[in-house]
Amino acid sequence: LGSRGCWSLSWPLVAKGRGRPGQVDDFADLCNLPILNEDRILNNLRSRFYKKKIYTYAGSILIAINPFKFLPIYNPKYVKMYENHQLGKLEPHIFAIADVAYYAMLRKKINQCIVISGESGSGKTQSTNFLIHCLTALSQKGYASGVERTILGAGPVLEVRFRRL
């Protein structure tokens, strides 16, 4: 944990040998790491990132690392692939989070909330766009009337910036 109460992802930390030499983690869910410490978490995230696996779960929380380039994992094929699947059954993806929230909203008939947090330039706006894309696609299947209009009305994303007192 960093001094400001947030994780600091520092790839050289692991590259300099503070991780496990010769062994590479690739756990889709950090909760499955056999030993849970900062080095192992960073090593796992780094390993997945270099395999173009930018999403990793920590339980029901999705960690996304901005690749700063386009990855072909946001098309209708992926929306369909993640539709109606339980978290953890497929590789972590933002569409899985959208799907779980969408179907929980329909089943429980209560509002759902997805929090996207990160530093400037970390990809929050892009992640929000991917969520809206997925939610819109799911709502067009006829499960909920008017949901698409509501989702698209969320277009202007409100970014809240906290300053340290």
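Yeah, the Cβs are placed from backbone N, Cα and C, and that goes for glycine too.
The ATP binding site annotation in TrEMBL covers Gly118, Glu119, Ser120, Gly121, Ser122, Gly123, Lys124, Thr125. With a cut-off of 8 Å between CB atoms and residues at least 6 apart in sequence, the same chain places Asn66 near Ser122 (ATP binding site), listed in sequence order. Under DSSP, Ser122 (ATP binding site) is assigned to coil, being neither helix nor strand in the three-state scheme.
Residues annotated as domain 'Myosin motor' in TrEMBL: 25-165.
Every protein chain shown contributes to the tally, and the Cβ of Gly123 (ATP binding site) ends up with 18 other Cβ atoms within 10 Å. Each of the binding-site residues Glu119, Lys124 was assessed for Cβ neighbours inside 10 Å, and the highest tally belongs to Lys124. Summed and averaged per residue, pLDDT over the domain 'Myosin motor' (25-165) gives 86.
Sorted by the number of other CB atoms within 10 A, the binding-site residues Gly118, Gly121 start with Gly121, the lowest. Minimal Cβ crowding within 10 Å, among the binding-site residues Ser120, Thr125, is found at Ser120.
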